[in-house]
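Just below is one structure, and these are the notes that go with it.
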Amino acid sequence: MTGIPPPSRFPEQPIPPWRRAVLKVGSSLLAADGGGLSPRFALDLAHFVSANITAGRQLVIVSSGAVAAGRALIPPLPESGGALAARQALAALGQAQLIALWQRFFDRPVAQVLLTHDDLRNRRRYLNARATLRELLHLGTLPVVNENDTVSVDELKLGDNDNLAAIVAALIDAQALFIATDIDGLYTTDPRHHPDAQPLHEVRTLTPEHLAMAGDSSSTGGTGGMRTKLEAALKAGAAGIDTYLFNGRSSDVVRGLAQHRLRGTRIHPTCTPIAARKYWLRHAPVEPGAILIDAGAAAALAQQGASLLPGGVLSAEGDFRRGDMIQITTRSPDHPSHPLARGLVQYSAADVRRIAGCHSRDIQTLLGYTYGDTIVHRDDLVLL
């Protein structure tokens, strides 16, 4: 078997500006020697994270390694193909080790976020996960996300953390997804077996041919190989997010990332973030019912791109729940209720009726709880 070609085969290219990103780190980097977690490669990645946070950007880490860490604590246990219960036990043992590894690199709090398939399939839990991640970023913490292998069952698993990283990137409206691998980027074939493999430093449009190039190889100790990384790039690209594949074992490559230089593969999105988001908002099913707003609120939404606040609400129709897609209407000379916009509502119909016309600061007093100042946030709203 031949060695991996050096990173210099990939020309250096600039990384466009971004303000929010996800970094995915796999087991092959955190447990490279098969003997549990090691800071060997994680330290360089931590420097990349710190440099960007210091510059005012926001980052979420999606990190594998819990099962590998657990396996090192109680050897020998079945490999990754073993019983589900054994794997879940290993994840429970190793997750604390994984968070401790990341915390040692940072002088800011590291937040553990464990997600399951149901958290992302159920709209309300999806919104709660998004709100939690956004708040953690707002507080200046570093969220470290992993799939909750301790409770996930095979038929409801997200499958791999490449896929999870793409979902999280869309969840937080990221502009970039960085996937650290144990290979330099995408090649025309596996460079570990074919010395004539050619590097692909930029992919404008991912095709079935690219997936075929990646094959079905998987990295040692994990569940995802290059094919799953390309599938994640497809998912991220559908949300307007750039994906960057790079060698996380190369200090030079990782240091270059901190200076917005990539030696690896850039995979372009299939649409812009705005187009992807607005398309989903415009075409998702709408629940029965609507919120009627006054002329001032209508002007703020239509002309200023504002969020919908309770002060501009006149009434709520129907029995919608928090997280539902609802219609926002206003009065016109010809119609008592004219469709203006649609969006994801932060409060139920019953709650909206109670806080209609009030100031946002009074929500807590009127309801006894609050989900924020807005009824429909501008990021969750599209004009018709």
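Note: Cβ is positioned from N, Cα and C throughout, glycine not excepted.
Taken straight from Swiss-Prot:
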type: BINDING; residues: Lys24, Thr181, Asp182, Thr223, Gly224, Gly225, Met226, Arg227, Thr228, Lys229; note: ATP binding site
type: BINDING; residues: Ser64, Asp149, Asn161; note: substrate binding site
type: DOMAIN; residues: 288-370; note: domain 'PUA'
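Just so you know, the Cβ of Asn161 (substrate binding site) picks up 26 other Cβ atoms within 10 Å once every protein chain is counted. Binding residues for substrate (Ser64, Asp149, Asn161) extend across at most 11 Å, taking the greatest CA-CA distance. Checking the binding-site residues (Ser64, Asp149, Asn161) against Thr228 (ATP binding site) with a 10 Å Cα-Cα cut-off leaves Asn161. Per-site Cβ counts within 10 Å over the binding-site residues Ser64, Thr228 peak at Ser64. Here the domain 'PUA' (288-370) has, by DSSP, the following mix of helix, strand and coil residues: 28 helix, 23 strand, 32 coil. Comparing Cα positions, Asn161 (substrate binding site) lies closest to Lys24 out of the binding-site residues Lys24, Asp182, Met226.
Separating the Cα atoms of Asp149 (substrate binding site) and Met226 (ATP binding site) is a whole-number distance of 22 Å. Between the C-alpha atoms of Ser64 (substrate binding site) and Lys24 (ATP binding site), the distance comes to 8 Å.
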